[in-house]
Amino acid sequence: MRKKVIAGNWKMNKLLGEAVQFVEDTKVKVPSTEKVESVVCAPFPYLPTLVEKAKGTDLAIAAQNMHFEESGAFTGEVSPAMLKDIGVTYVVLGHSERRELFAETDETVNKKAHAAFAHQLVPIICVGETLEQRESNTTMEVVEDQVKKAIDGLSEEQVKASIIAYEPIWAIGTGKTATSEQANEVCTHIRKVVANAVSETAAEAVRIQYGGSVKPSNVDELLSQSDIDGALVGGASLEADSFLQLVEAGAK
Ligand SMILES: O=C(CO)COP(=O)(O)O
């Protein structure tokens, strides 16, 4: 049984006081169970404070991005070593907003995945098709290509420890969720891609999240699907109550 992962991706939202309040409100309420991991992906300036606040609880704190280099002349960037040093444990890589707006490529996502493992960070690797690609029936090949490139050169153990988030771009922040069947179909395909590229063992172990307008009212159905092991959630992760309902669904 794969442990589910519910990750709230706050994106560029909340001020420090609000971020701290959220962690105070949720850290004692997230379920302590083998069934689910609860993760909050917060903006960089809040990470040290939130890691401190969440210490010793079942709430993990993640970054939303990082550079792949250890250090150097990269003004404005944050390195994997810095994240590791302050106690961050997960990092989102290749979110579609970073691919679209900040020139993230499959190649940089792959470099970042290697860098994450070099610093004991668990990567949450995002993939997903545009509406145009879905309408032209190229979803499976687009996603297959993204997954293969992202995990290229990782060891079997590293792939087993990775999290892949399938986020159809047309379902992000639009209120349009993929149906649970549509979401599962692609997640099943991702698992096959991993089986072919790495091994059956890696495919069995890798956790695959769905993301795109996940909310308390649709999370149960999505999580009941055979190949969906969690959710990466934007809007519905901003309120503590709603985030807690999502992690409770993961603990069922
Ligand atoms: O992009 C997402 C999570 O990374 C999804 O965002 P929404 O849940 O707001 O659609």
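Using N, Cα and C of the backbone, Cβ positions are placed for all residues, glycine too.
TrEMBL has this to say about the protein:
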type: ACT_SITE; residues: His95; note: active site, electrophile
type: ACT_SITE; residues: Glu167; note: active site, proton acceptor
type: BINDING; residues: Asn9, Trp10, Lys11, Gly173, Ser213, Gly234, Gly235; note: substrate binding site
type: MOD_RES; residues: Ser213; note: phosphoserine
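Listed in sequence order, the binding-site residues among Trp10, Lys11, Gly234 whose CB lies under 6 angstroms from an atom of ligand 1 come out as Gly234. In three-state terms derived from DSSP, Trp10 (substrate binding site) belongs to neither a helical nor a strand segment and is classed as coil. Within the set of recorded positions (Lys11, His95), the lowest number of other Cβ atoms found within 10 Å of a Cβ is recorded at Lys11. Cβ neighbour density within 10 Å is lowest for Gly235 among the binding-site residues Ser213, Gly235. Counting every protein chain shown, the Cβ of Asn9 (substrate binding site) has 27 other Cβ atoms within 10 Å. Those residues of the chain, other than Asn9, Trp10, Lys11, Gly173, Ser213, Gly234, Gly235, with a C-beta within 8 angstroms of the mean position of the substrate site C-beta atoms are Ile172, Val233, Ala236, Ser237, Leu238.
All protein chains included, Gly234 (substrate binding site) registers 21 other Cβ atoms within 10 Å of its own Cβ.
Comparing Gly173 (substrate binding site) with the residue listed as 'active site, electrophile', their Cα atoms are 13 Å apart once rounded.
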